[in-house]
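Report on one structure; see the data block that follows.
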Amino acid sequence: MDTEMSSNTNDGETSAVSMTKLRTLRAQLSVLHRADGSVALQQGGTVVWAAVYGPGDSTASKRLNDRAFIDVLFKPKVARPVNDIGATKENVSPLLRGTCESMVDIRRHPRTLIELVVQELTDDGGLRAVCLTAGCLALLDAGIPMTAVFCGVSVALMPDDRLVLDPPLKEQKMATALFTFALKSAESEVEMISCDTNGRFQFDHFKRAVSLAIEAAAEVFLFYREMMQRKLSLG
């Protein structure tokens, strides 16, 4: 069942107010009928599609006796240098894979394969974080058991020491450091799973960025709840 909703966050314009608010989130579930779960996700001007296939049969090389094998593939729209502060195949796939492996209940389906494919359509900043969020929504749409839901949040450190939450590409390119957080919802609290960083920063910058990301993730998880309630009510 297809659903489409928007969060109540602002549009991420580069005003003083938007420095601590997420850009608008829009998502449509079950957009790919051949996938077991899928989503088209837009956050500000960044758009990605994600699809989940499985749990299903796996080849001998990917068959694990005690758990499922998670295969993650990120398809960038264009190739980028490996040292790009934004998103490349080299720095998105490992982040996605590590997060999924820690959040999916992989022991529920031993000797099977779960495939997650994330396709970039438009990058207007925060692409790695948006890929994480899309990955979780696709897993939810597929009904894959998870120990907790997760999302991605990006925070940019600007040259004047300001922190910009969920920065558009213009701000991201000017940033001296970029943080991409993977966060989970655990017993009504938000916890950081991991963080990917690029650039130079001090520990105080990191602590402030974590606080911003945790607050933002709580909004994303409310968005998840609204999405799934809408999906179930229409089903």
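Just so you know, glycine gets a Cβ as well, placed from its N, Cα and C.
Because the structure is a prediction, the values reported are computed rather than measured.
Straight from TrEMBL, the features:
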type	residues	note
DOMAIN	22-145	domain 'Exoribonuclease phosphorolytic'
DOMAIN	149-215	domain 'Exoribonuclease phosphorolytic'
Do you know the mean pLDDT across the domain 'Exoribonuclease phosphorolytic' (22-145)? 90
In DSSP terms, the domain 'Exoribonuclease phosphorolytic' (149-215) comprises 19 helix, 32 strand, 16 coil
So, by DSSP, how many helix, strand and coil residues make up the domain 'Exoribonuclease phosphorolytic' (22-145)? 37 helix, 45 strand, 42 coil
